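Some notes on the structure that comes next.
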Amino acid sequence: GFKAGVKDYRLTYYTPDYETKDTDILAAFRVTPQPGVPAEEAGAAVAAESSTGTWTTVWTDGLTSLDRYKGRCYHIEAVVGEENQYIAYVAYPLDLFEEGSVTNMFTSIVGNVFGFKALRALRLEDLRIPPAYSKTFQGPPHGIQAERDKLNKYGRPLLGCTIKPKLGLSAKNYGRAVYECLRGGLDFTKDDENVNSQPFMRWRDRFLFCAEALYKAQAETGEIKGHYLNATAATCEEMMKRAIFARELGVPIVMHDYLTGGFTANTSLAHYCRDNGLLLHIHRAMHAVIDRQKNHGMHFRVLAKALRMSGGDHIHAGTVVGKLEGEREMTLGFVDLLRDDYIEKDRSRGIFFTQDWVSMPGVLPVASGGIHVWHMPALTEIFGDDSVLQFGGGTLGHPWGNAPGAVANRVALEACVQARNEGRDLAREGNEIIREACSWSPE
């Protein structure tokens, strides 16, 4: 028999000599225990509560193999410069998770444990997704290479623009702004994340006018153009209806808000997009609710990894230079996690584990939010070729109008890429490069 009552988690779930398996999902949590709670107990509590544990011993424990299924806290280190804060490393056996379900992965790992009384705060800093698990996901519908081939655009970042004012335009005027931007030289325009189907502009009207704008600009420029048609909706069925209508119009790309829409809806949409040749642009509305606090919540690099598994071809990833916060090294860390195949552990960039994606397609990071032409050299240098640079106000705020704003962005981008290819230092000579480029303008 066994003794009933509350028992210490660390007896079962703190296993400092555990050797992690290649199939384990590893998590790094930033734990802030309540005063008087030892670090080992707090770390073990996280492992228990996010896997097999409950607060007492139960009869049915005897009917399962805890050793096979329990999460284990296998290492704890104090955070330098913080009082009473620790990084707890937890290993989860692969069998705890449903295959191909980001939803289930998050329900298990971060579902319950964040409200835990013994912890003052808890933050999931990073996850190591083993190939045995990542291989059960489709991942991005197309990925970076397939997208470049579809668009026939190589050797430079892609340019986008969010149509502003984000709410209040009629469908026809909205389409007009789309046309002007694409005609001026942008590759993409974008529905704002809040634009779904409101009284002033229903989704079907918007889709039709945007498609018309797209084809007109395409015919006049001889380039392939796209507009991210936001398919986010109140129900999964309605979302699919919008995506299907977009495909019937023959447009190249649709868009989804993956956090507000939810991972289940997002994964369904990603599967549809791969089956039907649509690219999928992902907006991260609501991410700051989850990732902004330094000691509670989830770091965006975890949300980014989850999106690569669930599926998306573009995702917003901060700018390093614009109006929204994001530290340079950390941002570059998760940008690499999105694009690359194999990413080495590097604590200076916030990467706690080596991540091997084993040929899962990559996601293009999107820089968006308060950036404009003068940021172009910095952006080209920071993000490199495989990115989408999005200027909303930075295009539509041009004193001469939308099309000249688009021209300005395209000229600046081409100038920066050319200068970089000639070996010039964008960080030092950036402003000079932009000035040279605009010296041909009448103003």
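Along the chain as shown, residues are numbered 1 onward.
Each residue, glycine too, has its Cβ placed from N, Cα and C.
According to Swiss-Prot, the active site, proton acceptor annotation covers Lys164 (among others). Of all Cβ atoms in the shown protein chains, 15 besides its own fall within 10 Å of the Cβ of Lys164 (active site, proton acceptor).
Cβ neighbours within 10 Å of His283 (active site, proton acceptor), excluding its own Cβ and spanning all shown chains: 28. Marked as active site, proton acceptor by Swiss-Prot: His283 (among others).
For Thr162 (substrate binding site), other Cβ atoms within 10 Å of its Cβ number 24. According to Swiss-Prot, the feature substrate binding site maps to Asn112, Thr162, Lys166, Arg284, His316, Ser368.
The annotation Mg(2+) binding site is assigned in Swiss-Prot to Lys190, Asp192, Glu193 on the grounds of sequence analysis. Around Lys190 (Mg(2+) binding site), a 10 Å sphere centred on its CB holds 28 further CB atoms from the protein chains shown. The DSSP secondary structure for Lys190 (Mg(2+) binding site) is strand.
Annotated N6,N6,N6-trimethyllysine per Swiss-Prot: Lys3, in sequence order, evidence recorded as sequence analysis.
The N6-carboxylysine feature in Swiss-Prot is assigned to Lys190; the stated evidence is sequence analysis.
Taken from Swiss-Prot, the feature site 'Transition state stabilizer' covers Lys323, and the record attributes it to sequence analysis.
DSSP classifies Arg284 (substrate binding site) as coil under the three-state reduction. Taking the Cα atom of each, Glu193 (Mg(2+) binding site) and His316 (substrate binding site) are about 11 angstrom apart. Neighbours of His316 (substrate binding site), defined as other CB atoms within 10 A of its CB across all chains, total 22. Summarising the environment of Lys166 (substrate binding site), the number of other Cβ atoms within 10 Å of its Cβ, over all protein chains shown, is 13.
Taking Cα separation as the measure, Lys166 (substrate binding site) is nearest to Asp192 of the recorded positions Lys190, Asp192, His283.
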